[in-house]
Amino acid sequence: MGIRKKNNKNPPVLSHEFVIQNHADIVSCVAMVFLLGLMFERYTDKLELNFVSWILGGPEETAVNYFHYGLKDVATVFFYMLVAIIMHAIIQEYVLDKINRKMHFSKTKHSKFNESGQLSAFYLFSCLWGASILVSENLLSNPVSLWDGYPHTLMPFQLKFYYICQLGYWLHAIPELYFQKTKKEDIPRQLVYISLYLVHITGAYVLNLNRLGLVLLVLHYFVELLFHVSRLIYFSNEDRQTGFTVWAVLFVLGRLLTLSLSVLTVGFGLAGAEKQGLNLAEGSFNVLVVRVTVLAAICTAQAFMMWKFINFQLRRWREHAQTQTLKKKSSSSKSKSRKGQYCPLKISLHVY
């Protein structure tokens, strides 16, 4: 499906502006090459299948219900990264751009609104999908299954596909920095949180900690969804800030629960598991060095997020205090101006 933004200007072919305006069309064509390859069963179906979906093979009479990861997943992730770019363009043009034109946001709000709109759609979809997997696999009713039977090398289709889509989405966020003309000062911040997602998701996938990773992802996505929905509501009406208060409480609880589950699973569950030692053939990474590294990575990420959260709350409190001070000054100046003569300078100084 081609996506084309309405623009009267026709930039030179293959110029930066041309690529940015038509990147969804270009990516759609690349994705269609892989899909068309499936039509030629005799020659290219095996090659193209690596990009679309890689399935653990078996005898024809045996029903294959479980899958494992491998190098061919790289091609699959690349294909779904292209799909994520196309979906990003569809949401942007047919939903967010239309709302932006009606609301007449400033440039700063326009950028933040697009960011929250895209992430809200992704977090909502990922939360619902991940929660359905948790329920179907009985991971919530049986927490012991997070470490029992490790290594969890075989995954049901939904779980494997979930991780493939997660990696594809966060990889697509890197070229989107170019496609969306992200400001240079915002790029380091974007790259930091994209890298955190990729490192943790890949680590859970490769180290066969996919069950723990799924639980932590759903928990984290739910909290982030609340934040970005609250920000969208705030942009429509700045008086509605209740969502940020609820998010602040759940954010702290989410960090504590993440640390608790991680220590319980990796620090105690895997430490007491029957299979110990490093065995690449069996997919077991249950050694002290790996466990300490995993816990250190999780704790560092949670500490970093709490530090950013505290700075965010302090900045909000300062802005709120400044706003209240300005309101008091404006109200006092208005009362004085009524008693005195009309002074344009005094009024102009207090326009917010």
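Keep in mind that glycine also has a Cβ here, set from the backbone N, Cα and C atoms.
Per TrEMBL, the feature domain 'TLC' maps to 111-320.
What TrEMBL lists as transmembrane segment is 20-40 (among others).
The transmembrane segment feature in TrEMBL is assigned to 77-96 (among others).
According to TrEMBL, the transmembrane segment annotation covers 117-141 (among others).
As annotated by TrEMBL, transmembrane segment applies to 191-208 (among others).
Marked as transmembrane segment by TrEMBL: 214-234 (among others). Tertiary neighbourhood of the transmembrane segment (214-234): same-chain residues 112-113, 115-117, 119-120, 123-124, 126-127, 130-131, 133-134, 139, 146, 159, 162, 166, 201, 204, 240-244, 246-247, 250-251, 254, 257-258, 261-262, selected by CB-CB distance under 8 Å and a gap of 6+ residues from either end.
Using a Cβ-Cβ cut-off under 8 Å and counting only residues 6 or more beyond its ends in the same chain, the transmembrane segment (246-268) has close neighbours at 143, 146-147, 209, 212, 215-216, 219-220, 222-223, 226-227, 230, 291, 294-295, 298-299, 302, 305-306, 309, 313. For 246-268 (among others), the entry in TrEMBL reads transmembrane segment.
Annotated transmembrane segment per TrEMBL: 288-310 (among others), in sequence order.
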Winner by Cβ pairs under 8 Å against the transmembrane segment (77-96), considering only 20-40, 117-141, 191-208, 288-310: 20-40
Outside the transmembrane segment (117-141), six or more residues from its ends: residues with CB under 8 Å to it: 88, 91-92, 95-96, 99, 156, 158-159, 162, 166, 169, 211, 214-215, 217-218, 221-222, 224-225, 228-229, 232
Residue numbers, six or more beyond the limits of the transmembrane segment (191-208), whose CB comes under 8 Å of its CB atoms: 69, 150-153, 163, 166-167, 170-171, 173-174, 177, 214, 216-217, 283-285, 290, 294, 297-298, 301, 304
Sequence-remote partners of the transmembrane segment (288-310) [C-beta within less than 8 Å, at least six residues beyond its ends]: 196, 199-200, 203, 207, 209, 248, 251-252, 255, 258-259, 262-263, 266-267, 270-271, 278
